[in-house]
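Novice: So TrEMBL lists the following for this protein:
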DOMAIN    5-122  domain 'Semialdehyde dehydrogenase NAD-binding'
BINDING   Thr12, Gly13, Ala14, Val15, Arg40, Ser41, Ser163, Gly164, Gln322  NADP(+) binding site
BINDING   Arg102  phosphate binding site
ACT_SITE  Cys133  active site, acyl-thioester intermediate
BINDING   Gln160, Arg240  substrate binding site
ACT_SITE  His247  active site, proton acceptor
Amino acid sequence: MRKFNVAVVGATGAVGEEVFRVMEELNFPVNKVIPLASARSAGSTIEFLNKDIIVLELTETVFEEQEVEIAFFCAGGSISEKFAKFAVEAGAVVIDNTSHFRMDPKVPLVVPEVNPDDIGLWRETGIIANPNCSTIQMVQSLKPLDDLYGIKRVDVSTYQAVSGAGKSGMEELVKQMQDFFAFRLDETEIKAFAHQIALNVIPQIDVAMENGFTKEEMKMVNETQKIMHKNFEVAATCVRVPVLRSHSESLTVTFKDGVDVDVNEVRNALENFENVKVIDDLPNKKYPMPIISTDTDYTYVGRIRKDVYASNIVHYFNVADQVRVGAATNAVRIGLKWIELESDM
């Protein structure tokens, strides 16, 4: 297999670091890696395949100078907005982990298990967008169910880990818990979130929209419809919880009128879907939890049950490591699928 020159923009951030790990684990065909970051981080090193690689400064010319062929952008929307075009102009395909290009009608928004054929649309802009973390694990579980029965509406509540806000979110939770045990929680620093996150839940992620939902919630609505090419209704409530890693979601899925849900059929559809694992044994207290999904590449589904009142409704719970499944792993899988599709042309 041909090998590629791969750049990672935001190489020293949480997602960037995870991209290197996932590339190693999935045997990504790398000729050389080019870690890129701000001038402040340039000169530091990252480890890849047991070698220390020097981080280079992100500049307008570095993609051409390093002959980059695949560029993973993991450094925030403003960075993607400014620098992605230079990677494309240098001949690279950009796989963007930020929200900047997601709803651009010319840019494919991809979860490889759900809409792999959309990757073929990359040529118009040179960019493939990675969806929001909470959207990815949701559509991985929705796709087999839509294929099974046809979805009419989805209601979802999320329980999102602090690492969704980056390293600063994790550090703040740990520091606040230390302050709690030192009896100084009333003096703790509140910076990464709007409120204290330790021993608390915050029912707002991102800014408020005019319709009363948050930006994070509307991302889940709009991205789901774009990825699945369906206009079924989606309503989301996104909540930050004091968990370090892995997002959880509680879903209520309403199928088309006339459907009579068979829980065994639902379970089988999920079990047979790529990169989904079912843990669903309530009497024996076995179900998905963040401590199970963290540092894995699967979306775990459980607590599957038919609605008590309506035959066309099913409820379930899912969990996934949002740094991996919800960001780095999905991006690397996009890269692998892109290589596969391009080699077939």
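Any Cβ shown, glycine's included, is placed from N, Cα and C.
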Novice: Count, for each of the binding-site residues Thr12, Gln160, Ser163, Gln322, the other C-beta atoms lying within 10 angstroms of its own C-beta, and report the residue with the smallest count.
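Specialist: Relative to the other binding-site residues in Thr12, Gln160, Ser163, Gln322, Thr12 has the fewest Cβ atoms within 10 Å.
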Novice: Any idea what the Cα distance is from Arg40 (NADP(+) binding site) over to Gln160 (substrate binding site), rounded to a whole Å?
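Specialist: Gln160 (substrate binding site) has its Cα 30 Å from the Cα of Arg40 (NADP(+) binding site).
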Novice: Nearest to Cys133 (active site, acyl-thioester intermediate) by Cα, among Ala14, Arg102, Gln322 (binding-site residues)?
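Specialist: Minimum Cα distance from Cys133 (active site, acyl-thioester intermediate) across Ala14, Arg102, Gln322 lands on Gln322.
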Novice: Given the binding-site residues Arg40, Arg102, Arg240, which one's Cβ is surrounded by the fewest other Cβ atoms within 10 Å?
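Specialist: Looking at the binding-site residues Arg40, Arg102, Arg240, the Cβ with the fewest others within 10 Å is that of Arg40.
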Novice: Given a 10 Å Cβ-Cβ cut-off, pick out the one of the recorded positions Ala14, Cys133 that has the most other Cβ atoms nearby.
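Specialist: Compared across Ala14, Cys133, the most Cβ atoms within 10 Å surround Cys133.
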Novice: Given the NADP(+) binding site residues Thr12, Gly13, Ala14, Val15, Arg40, Ser41, Ser163, Gly164, Gln322 in the record, what is the largest Cα to Cα distance, rounded to whole Å?
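Specialist: Binding-site diameter by Cα atoms for NADP(+): 27 Å.
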Novice: Taking DSSP three-state, what's His247 (active site, proton acceptor) in: helix, strand or coil?
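Specialist: Where His247 (active site, proton acceptor) sits, the three-state DSSP reduction gives strand.
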Novice: What does DSSP give as the helix, strand and coil breakdown of the domain 'Semialdehyde dehydrogenase NAD-binding' (5-122)?
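Specialist: Across the domain 'Semialdehyde dehydrogenase NAD-binding' (5-122), DSSP assigns the residues as follows: 36 helix, 32 strand, 50 coil.
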Novice: Under a criterion of Cβ-Cβ distance under 8 Å and sequence separation of at least 6, what residues of the same chain contact the residue listed as 'active site, proton acceptor'?
Specialist: Cys133, Ser134, Gln137, Thr158, Tyr159, Gln160, Ala161, Gly164, Pro290, Val319, Ala320, Gln322, Gly326
Novice: Could you check what DSSP calls Gln322 (NADP(+) binding site) once collapsed to helix, strand or coil?
Specialist: coil
Novice: Report the mean pLDDT of the predicted model across the domain 'Semialdehyde dehydrogenase NAD-binding' (5-122), rounded to a whole number.
Specialist: 97
Novice: Any idea what the Cα distance is from Ser163 (NADP(+) binding site) over to Arg102 (phosphate binding site), rounded to a whole Å?
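Specialist: Cα to Cα, Ser163 (NADP(+) binding site) and Arg102 (phosphate binding site) are separated by 21 Å.
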Novice: Would you identify the secondary structure of Ser163 (NADP(+) binding site) according to DSSP, in three states?
Specialist: helix
